[in-house]
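So the structure is just underneath, and the comments pick up after that.
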Amino acid sequence: MDDNKRPLYLPFAGPAILEAPLINKGSAFTEEERIFFNLEGLLPYAIETIEEQASRAYDQFRSFNNDLDKHIYLRNIQDTNETLFYRLVQNNIAEMMPIIYTPTVGLACERFSKNYRRNRGLFISYPNKDRIDDILNNSTRHKVKIIVVTDGERILGLGDQGIGGMGIPIGKLSLYTSCGGISPAYTLPITLDVGTDNPHLLEDPMYMGWRHPRIGGEEYSEFIEAFMEAVHRRWPDVLIQFEDFAQKNAMPILERYKDRYCCFNDDIQGTAAVTVGSLLAACQAAGTKLSDQRITFLGAGSAGCGIAEAIVAQMVSEGISDDQARSQVFMVDRWGLLLDNMPNLLPFQQKLAQKIDNINHWDDFSDNVSLLNVVNNAKPTVLIGVSGAPGLFTEEIIRAMHSHCARPIVFPLSNPTSRVEATPKDILHWTSGQALVATGSPFEPVVVDDVTYDIAQCNNSYIFPGIGLGVLACGANRVSNEMLMASSRALAECSPLAKDGSGPLLPPLEEIHDVSKHIAFAVAKVAIEQGHALDTTDELLMQSIEANFWYPEYRRYKRTSF
């Protein structure tokens, strides 16, 4: 029997039920439930359906004049009635996703302490490092299956937001549920409060975090280790998603734990998976392969290099050598093109640095090879921005790229919209509508020469909810690179452009449930093949995916004794 059709037996009554967001129905409690649970008189007389409630909530939502107020309003509903919150978001997913996550969540993080209203998730502060087990036991969520955790140091493109970074785990888990069907009862947002180096926060009398410079070195590593061990004592099978850790910590943490626990880093691996999936769709629509492309990155941090490594892996899977694949990928950061003779390259950058012997014949060659120089000499067919610096894809650069590539693929992926390398409107006008554009944050359609171009949002929300659903459905104990590659290929299979050569690069958000299920199946199949999950039939796997998919519907309640 479907869980939503089974009655749920509750041992408490009265106002306590109305204060429990996972249980509260508000005006939808039936007459029988109001009597049995001592709710008569605590609610208006009318008994409403969830759709009637959602209609009222939507009218209230539309009454707010700015996106931050809309975000706060939706969070208030989430903190009082989660089922209604997810029905409202499900009914209006394209309109509300930019409100509950990027770009609005960035402003919510910046103003987190100022706008704080009600607790959600767990804050684990460094001064409490010896009581992590007790803190985890304080959570009201006892069946946690997915955790999103941040230390708040690199929030989107906004930098160190301290505990204000909690807005990111809350928002990401909201998307796990609204896009991937993960029950909110199985999710837990966590912020690791290890101090902040943001002087504005340290001086802000309203800041609610630990007022101390960020810890680092061994202290930091030992704290992360204590957290990971405590989490797996409490919930041994949990999936952990690392979110918005600084570059200096993100890759080392991932490398340390990816083979010990079921975990992944969304900034590195999720961004890579959705970008590769989008590139595969674009290549399929053009009748080419990813291994045919020449790809330039602006931004050579952990996210950019993570995408580049995923692209190299996909190119190799298409039949070219690793060396050949790497020779077709050009990484540019603030110091110019990464070259193998540069000192102080980070370990994850070294394998992606171009051999200086391969490029010293370029026109205008110098020790600092600019992005424009790379475009003029390497003649890339794909340009990807993950720099977090706005406006760096200039008209000169885009026109230079278009001069040697009839249909350039341009992905300015930096978040939020204020940090984007170039707007879709500018890119399409500079290329007379010929560029294929995808962005990290949502943008309105662009009209060029009376033709309307929908802008694909190359957002991780197309990927990580399906990964989570697949892990839960098959009981995987790891998230491998091959599972992530499978998610990319599954996303490309959902592309309207790849299917028939027309339409948007990525499917509309209204189809996100089907996309997540398709990705979940592909991810789970690879997990089983690799021995990360128990073997099962395709039919039973699909049944498990459906059984794990939660829909925002009210359940019947029955009273049981204390």
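Keep in mind that glycine also has a Cβ here, set from the backbone N, Cα and C atoms.
Values in this document were obtained by computation on a predicted structure and should not be read as measured data.
The feature active site, proton donor is assigned by Swiss-Prot to Y101, with sequence analysis given as support. The active site, proton acceptor annotation in Swiss-Prot covers K172. As annotated by Swiss-Prot, NAD(+) binding site applies to R154, D267, N415, with the evidence given as sequence analysis. The divalent metal cation binding site annotation in Swiss-Prot covers E243, D244, D267. The site 'Important for activity' annotation in Swiss-Prot covers D267.
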When you measure from the Cβ of E243 (divalent metal cation binding site), how many other Cβ atoms are you left with inside 10 Å? 29
Nonlocal residues around D244 (divalent metal cation binding site), in sequence order (Cβ under 8 Å, 6 or more apart): T150, D151, G152, E153, R154, I155, L156, G165, I168, D267
What subset of the recorded positions K172, E243, N415 lies within 10 angstroms of Y101 (active site, proton donor) at the C-alpha level? K172
Quick one: largest C-alpha distance among R154, D267, N415, binding NAD(+) per the record, in angstrom? 11
Identify all same-chain residues not among R154, D267, N415 whose C-beta atom falls within 8 angstroms of the centroid of the NAD(+) site's C-beta atoms; report them in sequence order. I155, L156, G157, D244, A303, G388
Let me know how many other Cβ atoms fall within 10 Å of the Cβ of the residue listed as 'active site, proton donor'. 28
Return one of helix, strand or coil for Y101 (active site, proton donor), based on DSSP. coil
Cα-to-Cα gap, N415 (NAD(+) binding site) vs E243 (divalent metal cation binding site), nearest whole Å: 14
Residues that sit under 8 angstroms from K172 (active site, proton acceptor) by C-beta distance, when 6+ apart in the chain: Y101, V148, P189, Q241, E243, D266, F464
If you run the three-state DSSP split on D267 (NAD(+) binding site), which class comes out? helix
Report the residues of the chain - excluding E243, D244, D267 - with C-beta within 8 Å of the mean position of the site's C-beta atoms, for the recorded divalent metal cation site, in sequence order. T150, R154, I155, I168, F242, F245, A250, N265, D266
Count of other CB atoms lying within 10 Å of the CB belonging to N415 (NAD(+) binding site): 24
Just how many other Cβ atoms lie inside 10 Å of the Cβ on D267 (NAD(+) binding site)? 26
Mind giving me a neighbour count for R154 (NAD(+) binding site)? Other Cβ atoms within 10 Å of its Cβ, every protein chain shown. 25
